[in-house]
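Student: Next up is a structure, given as structure tokens.
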Amino acid sequence: MDPIDNSSFEINYDHYGTMDPNIPADGIHLPKRQPGDVAALIIYSVVFLVGVPGNALVVWVTAFEARRAVNAIWFLNLAVADLLSCLALPVLFTTVLNHNYWYFDATACIVLPSLILLNMYASILLLATISADRFLLVFKPIWCQKVRGTGLAWMACGVAWVLALLLTIPSFVYREAYKDFYSEHTVCGINYGGGSFPKEKAVAILRLMVGFVLPLLTLNICYTFLLLRTWSRKATRSTKTLKVVMAVVICFFIFWLPYQVTGVMIAWLPPSSPTLKRVEKLNSLCVSLAYINCCVNPIIYVMAGQGFHGRLLRSLPSIIRNALSEDSVGRDSKTFTPSTTDTSTRKSQAV
């Protein structure tokens with residue numbers, strides 16, 4: 001069998017492997033830890049400690065409401081996506097701590113790092129679905145009163161998850177564990193095969209456009225119309241969920257921006273570029289910043305749930321339940337309340 005051509009292993013923004021000719025082959029002297037890696041370790045720790053219990057609490061609260069409330073279905077699926085990513089953090093933490101060497105099996109190399117991409121696609125597709133729901137509630141209230149229900153919501157979430165899995169396929173297909181030529185340690189990386197540069201560019205473009213640019217443009221247009229309609233009609237009764245969703249959307253784009261920028265730069269810069277080496281040093285930090293998005297949503301829900309005095313008197317589940325509860329659409333619909341939109345008394349909402 002021909003020896004592996006290590007030149008085909010390109011450093012990419014969705015893995016944590018590295019190939020550094022400055023590392024001694026005997027592996028005795030480990031490379032100096034980069035400041036970005038130190039920051040990433042701190043961020044991973046905080047995200048895990050906040051994200052796992054926070055998202056688990058949201059899942060627990062919304063699971064009881066999901067049978068009758070559309071909003072609960074949206075936020076339940078968001079929390080599940082974030083929780084899955086947070087559960088992979090101990091493995092990623094260990095990898096960064098060990099200078100990006102991989103000490104787990106090949107299956108874990110394929111699955112666990114890919115969870116961050118699955119989270120990205122699932123989150124943005126779910127946010128787009130939630131935003132479309134908000135848009136229709138404001139501009140088509142009568143249609144929503146007749147059609148909107150839990151069955152349709154579950155179907156929309158199912159479509160979002162299937163699309164997210166399909167978009168994550170390149171990471172599953174091209175990711176593998178291999179022996180680093182210089183250090184003889186195992187590295188979890190991406191192998192696009194011969195002539196990998198065009199494939200790497202194509203994957204980077206797909207990730208940028210589907211996971212960031214197109215959703216950003218679409219959601220900006222959507223929320224511009226929603227805000228104009230809300231302000232013009234002073235529909236203050238329907239703004240609670242709108243504010244929560246907008247906060248979640250804004251945080252998504254803020255925390256994923258560094259990840260997307262460095263990803264495109266790594267895909268486009270030639271291997272010999274000095275700039276590429278500098279960008280690669282920020283890779284772990286940018287991934288960790290994207291991970292912050294996995295723990296920030298429960299914090300938003302708590303902040304939006306009640307006033308500060310109310311927070312002191314109410315339990316966290318009650319606060320989250322209040323933040324994610326259904327609200328009326330405002331003046332456009334006279335009786336558009338949870339009882340008329342989400343209960344089983346509406347006509348059948350078959351999936």
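Quick reminder: no glycine exception, Cβ is built from N, Cα and C everywhere.
On a predicted model such as this, the values are computed, not experimentally measured, just so you know.
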Student: According to Swiss-Prot, which residue among C188, C222, C251 is joined to C109 by a disulfide bond?
Tutor: C188
Student: Do the topological domains in Swiss-Prot put G36 and A108 on a single side of the membrane?
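Tutor: That holds: Swiss-Prot puts them on one side.
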Student: According to Swiss-Prot, phosphoserine sits on which of S333, S344?
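Tutor: Out of S333, S344, Swiss-Prot attaches the phosphoserine annotation to S333.
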Student: Consult Swiss-Prot and report the residue, out of S7, S196, S272, S325, annotated as phosphoserine.
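Tutor: Comparing S7, S196, S272, S325 with the record, Swiss-Prot tags S325 as phosphoserine.
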Student: Within this structure, do the transmembrane segment (154-174) and the transmembrane segment (284-304) have 3 or more Cβ pairs under 8 angstroms, counting pairs 6 or more apart in sequence?
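Tutor: When sequence-distant Cβ pairs are counted, the transmembrane segment (154-174) does not touch the transmembrane segment (284-304), since fewer than 3 lie under 8 Å.
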